[in-house]
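This report concerns only the one structure given below.
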Amino acid sequence: MKKLLGLGIALITPFNKQGKIDFTSLENLVSSVIDGGVKYLVLLGTTGEACTLKLKEKIDIINCVKNVNNDRLPIVLGIGSNNTKKVIYNLNRINLDRIDAILSVCPYYNKPTQKGIYNHFKKISDNTDKNIIIYNVPHRTGCNINIETINKLIKKKNIIGIKEASGNLIQSYNFIKKKTSKKFIILSGDDNLVLPIILGGGDGIISVIGQAFPKEFSKIILLIKKKKINYAYKIYYNIINIISLIFKEGNPSGIKTLLKLKGLCHEYVRLPLFKSSPNFEKKLFLELKKVHLFNEYIH
């Protein structure tokens, strides 16, 4: 299996004004992040507005990205639900050739116990030979996986890691410290915690902001690994205000507005999300003008 370490990108799904998928922008975005040095691509997650897409649209997106990627980078595909049977059904409906792993969210809304979370992922694991990354994002799902459940799931050979987006740094460190397999990867799901999590022993990040600044974010992670922490912070602090700002009016509304300002896509999202306000776009534009690329560090 290709290693899913370092910078992964939680890709948006670009739309045009009519709400149709903008495949030209998607192709350009994928090419941009690959050229920027990212290590793998993540499709059809929260940032990709997967819950607003029909199955055929998802398949078309997968095929588009596969074609542009041309096997250069590993691809992680989001397939999740609060209905275990639905996850298994979708695993069997989608062509998973050239997909390196599945990203599957902890069951949302119905608030399962740890026993329920364990059996949900165990059942998924039993029904696919694909590698699985658990996605823990309790502020969206209403449930939070614990280290005891993780260590039970680690025994399943194809459950290889977790995207940890609780926002709780102590919990993230607890996962890193107490996991029972060195091979099990811990990936940050929070752009604002990338430095402390990797410094604390994490393996990388599945990033939103990284698709707007792929070179910079790739270099941040490389500098951390080389223990050039001050240089990493200099690049990070250069974009920290933008990282904080893009989530103020929801994700992916904010990142799409940023990508619009960088000429990579339109800002349109699908309901119930709504595109960012003109005032937000103005603030983001002013912050973007302040960004100075640290060329001495990113080349």
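Cβ atoms are placed via backbone N, Cα and C, with glycine included.
Annotated site 'Part of a proton relay during catalysis' per TrEMBL: THR46 (among others), in sequence order. Within 10 Å of the C-beta of THR46 (site 'Part of a proton relay during catalysis') there are 20 other C-beta atoms, taking all protein chains into account.
What TrEMBL lists as pyruvate binding site is THR47, ILE206. Listed in sequence order, GLY8, ILE9, ALA10, VAL42, GLY45, VAL76, LEU103, LYS163, LEU187, SER188, GLY189 are the same-chain residues six or more apart from ILE206 (pyruvate binding site) with CB atoms under 8 A from its CB.
In sequence order, ASN82, THR141, GLY142 are the residues of the chain that are 6 or more apart from TYR109 (site 'Part of a proton relay during catalysis') and have a CB within less than 8 Å of its CB. The site 'Part of a proton relay during catalysis' annotation in TrEMBL covers TYR109 (among others).
In the three-state DSSP assignment, the secondary structure recorded for TYR135 (active site, proton donor/acceptor) is strand. Sequence-distant contacts (6 or more apart, same chain, Cβ under 8 Å) of TYR135 (active site, proton donor/acceptor) comprise GLY45, GLY78, GLY80, LEU103, SER104, VAL105, CYS106, ILE162, LYS163, ALA165, GLY189. Positions annotated as active site, proton donor/acceptor by TrEMBL: TYR135.
Secondary structure at LYS163 (active site, schiff-base intermediate with substrate), taken from DSSP and collapsed to helix, strand or coil, is strand. Cβ neighbour count for LYS163 (active site, schiff-base intermediate with substrate) (all protein chains, 10 Å cutoff from its Cβ): 27. For LYS163, the entry in TrEMBL reads active site, schiff-base intermediate with substrate.
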**Prompt:** Where does ILE206 (pyruvate binding site) sit by DSSP, helix, strand or coil?
**Reply:** strand
**Message:** Please list, in sequence order, the residues in the chain of THR47 (pyruvate binding site) that are at least six apart in sequence and whose C-beta is under 8 Å away from its C-beta.
**Reply:** ALA10, LEU11, ILE12, VAL208, ASN251, PRO252, ILE255
**Request:** Would you mind pulling the DSSP three-state label for THR47 (pyruvate binding site)?
**Result:** coil
